[in-house]
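Student: First, the structure itself, so that you have it in front of you.
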Amino acid sequence: MATGRRLSMILLLLLLGLASGDKILFQGFNWESWRQSGGWYNLLMGKVDDIVAAGVTHVWLPPPSHSVSTQGYMPGRLYDLDASRYGTSMELKSLISALHGKGIQAIADVVINHRCADYKDSRGIYCIFEGGTPDGRLDWGPHMICRDDTQFSDGTGNLDTGADFAAAPDIDHLNGVVQRELTDWLLWLKSDEVGFDAWRLDFARGYSPEVAKVYIEGTTPVGLAVAELWDSMAYGGDGKPEYNQDAHRQALVDWVDRVGGTASAGMVFDFTTKGIMNTAVEGELWRLIDQQGKAPGVIGWWPAKAVTFVDNHDTGSTQQMWPFPSDKVMQGYAYILTHPGNPCIFYDHFFDWGLKEQIAALVAVRQRNGVTATSSLKIMLHDADAYVAEIDGKVVMKIGSRYDVSSLIPPGFHLAAHGNGYAVWEKSAAAAAAAADHRTSSSASL
């Protein structure tokens, strides 16, 4: 258990990190969290101190509303937070309040591409929506569905602006009532009545960036709005990703541009980096540099707008849609927690896999040395069995099976964190400060 003095110092670092623009995200759930006896919100409440002690600045929570699916990704009555399988509205508000008390922002998982209806119309089709309030907010009919979603619509709506979602009605986001009422709902989630600070946009491929911009700007100021834009990469005949994934990351960068660029809170999950890392750590670390000598994902082009991650509830957890090699997970964290971009830690790895101390140690190195989303990156080695990089001239990291890379470590650097297949060094001054902080904390606990 951290001492009161230690927690105060951590809170100060968190606030300084938020002020400087440095973000450490934490996905606070997995695909099976809804099964938790006693409620997931209550379980997570008991882990807030561990999360804050790891230097986290933002916690991503599951979809909060009533949903046909237990995980929350088939929402219906959006204002009904008491029908969530993760807990009650009061438990959610208490959790958010606890996070705020530690200087942590809460990210809502916003599922607005599609929506499930409560009632059938005269055709016998489920397309009459109930908002979850006594009044008419979000009480919609089939004319609020995209007309090319022929399974559900009555043919009067606008065409869909993005990819189809077959399992539920695709909402017509060009409809003025839809835009206004969804914006009002988001503002309610952001208000003191609930308390969310930021958005994760689920299945953002389902509607255009211009539509996303409406909701981002309509809820400004918002801490961040990170979009899930998961598209297939380019693959070769051997089934592995092509070396050049510029087209893949260009699509992500284009989305950021179209929602407002630098002036917008819009960000993207860096699926390009995720896909390249999945293969690179399996003895192909030469992939971690592009043709211009930069990182090959979105972090190589626009790191301030990239949220990097190792796995999430879809790619990992029990779904295993695109899992990171399980024996190399800490190599993934050594990469994202030392590199530019905005890293996101996954609940399973931190709590269930027993990696809490190793991950927290990497975050501490990052924050101690002032590494941020826009830090400079110098790639020193990119062989099949070893990747070495220097960040801001303050941190050097290595991943891969090769043990000895000592010839690349600059004078005055000392080992700060290490584990299976990874090592991180920092300059002596930072190492000395960390040791002094540890001695102070130890003395305070005596």
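Note: Cβ is positioned from N, Cα and C throughout, glycine not excepted.
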Student: According to Swiss-Prot, Asp164, Phe165, Ala168, Asp170 bind Ca(2+) 3; which one of Asp148, Asp149, Asp184 is listed for that same site?
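Tutor: For Ca(2+) 3, Swiss-Prot names Asp164, Phe165, Ala168, Asp170; of Asp148, Asp149, Asp184, the listed one is Asp149.
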Student: Write down the one residue from Gly76, Gly87, Gly195, Gly206 that Swiss-Prot lists together with Asn113, Asp160, Ala163, Asp170 as binding Ca(2+) 1.
Tutor: Gly206
Student: With an 8 Å cut-off on Cβ-Cβ distance and a minimum sequence separation of at least 6, pull the same-chain contacts of Asp170 (Ca(2+) 1 binding site), or say none.
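Tutor: Spatial neighbours, sequence-distant, of Asp170 (Ca(2+) 1 binding site): Asn113, His114, Ile145, Cys146, Asp149, Phe152, Asp160, Asp164, Gly206.
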Student: Taking the Cβ of Ala163 (Ca(2+) 1 binding site) as the centre, count every other Cβ atom within 10 Å, in any protein chain shown.
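Tutor: So the Cβ neighbour count for Ala163 (Ca(2+) 1 binding site) comes to 14.
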Student: Within the same chain, and leaving aside Glu130, Thr133, Asp135, Asp139, name every residue whose CB is within 8 angstroms of the centroid of the CB atoms belonging to the recorded Ca(2+) 2 site, in sequence order.
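Tutor: The surrounding set, listed in chain order, is Tyr79, Gly131, Gly132, Pro134, Gly136, Arg137, Leu138.
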Student: Given the binding-site residues Asn113, Thr133, and counting only Cβ atoms in the protein chains shown, which has the most within 10 Å of its Cβ?
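Tutor: Answer returned by the neighbour count: Asn113.
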